[in-house]
Amino acid sequence: MESVRWLLLLLLPLLDISAATPDPCELDEDDIHCACNFSEPQPDWSSAFLCVSAVDVEIRGGGRSLEQFLERVDIDADPRQYMDIVKALRLRRLTIGAARVPALLLFGALRVLGYSRLKELTLEDLEVTGTMPQPVGIQGPGLSVLRLRNVSWTTGGAWLPELQHWLKPGLKVLNIAQTHPLDFSCDKVLTFSALTTLDLSNNPGLGKRGLMATLCPHKFPVLRDLALRNAGIQTPNEVCSALATAGVQPHRLDLSHNSLLATAKPEDPGCVWPSALNSLDLSFAGLEQVPKGLPAELEVLNLSCNRLNRKPLSDELPKVGNLTLDGNPFLIPGTSNPSSIVPSGVVPACVHSPLAVGMSGTLALLQGARGFA
């Protein structure tokens, strides 16, 4: 029992549901999802025992600093003594959020989770403080999916390679949103040998320069899906240049929800798109005409919910198998009149379109509000 108590002390301070919930932790009837919100002034950490049997666990710290727990747990303890306990856990998905977390505590937890069957880890609304320790011997969990949202690191751009050293190889999906800094130390970044999906959406300050700094050359050899929604992208051509520099060959590229220019900037040279690219999403991009310099041939091109006032001519489009133009003014009766278009330039039909699901929450909220103005 003492072993279990130590393990929970290490893991549980790191994982916010509703502050109005009487008990800090709730477990559903099927013992699948367990959520803890330790937002009370004197939280009862022991209530997290309720989550021991859950598959999907959310633990949030109520926005407090967890520095105190460095004095209550032995970060240097050999996690092998807890191996059998951790292996018995059903845990597959873990969310840690709403706290200031010492790096020593976070990576101590990852060491212990190295014996677990955890596959998906989400870190959100976190400030990771202090210096990350060097991994010794035991690595962390073998994740398939890693999501980071609104996470800041005091170690600067070195955080990604340092985090890589704490995880077993094999990560397939990496989602980084509202996280800084994104100017990675590329010379220290390890190759993502299994990563097929990289999502850098909802980083509006990223832009061309940030993308060039994030797509470390030759570090993503099997990348198939690249999402850059609401990422400060101005032209498709600048993305093409970044892909060429990094040696990345995605099959699907999502540039929706950026304010795109139809014409490349003078400083952007011509670019040859990756030959593997077959799907391009340019929806919700405020386009009044088809951008210049698109790939010569695509299986899928999504131009829906833009500001096209006429059907594009064949010589304006690449050779494309599946073209989507839904939600453009020329297809909507009555929207040829500018007064029928909401101030954002999006026709009303697109404000509530299912396509808006992929939009950042902020943009969706703003466009919805304008639609009712």
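Keep in mind that glycine also has a Cβ here, set from the backbone N, Cα and C atoms.
What TrEMBL records for 1-22 is signal peptide.
For Cys25-Cys36 (among others), the entry in TrEMBL reads disulfide bond.
Taking a C-beta cut-off of under 8 Å and a sequence gap of six or more, Cys34 (disulfide bond) has these contacts in its own chain: Cys25, Glu26, Leu27, Asp28, Leu50, Cys51, Ala54, Asp56, Val57, Glu58. Here TrEMBL flags Cys34-Cys51 (among others) as disulfide bond.
Using a 10 Å radius centred on the Cβ of Cys186 (disulfide bond) and all shown protein chains, the other Cβ atoms total 17. Per TrEMBL, the feature disulfide bond maps to Cys186-Cys216 (among others).
The feature disulfide bond is assigned by TrEMBL to Cys240-Cys271 (among others). Annotation for Cys271 (disulfide bond): same-chain Cβ neighbours under 8 Å, separated by at least 6 residues, are Asn237, Cys240, Ser241, Ala244, Gly293.
Taking CA atoms as the reference points, Cys36 (disulfide bond) and Cys216 (disulfide bond) are 37 Å apart. Look at the disulfide-bonded residues Cys36, Cys51, Cys216 and count other Cβ atoms within 10 Å of each Cβ; Cys216 has the fewest.
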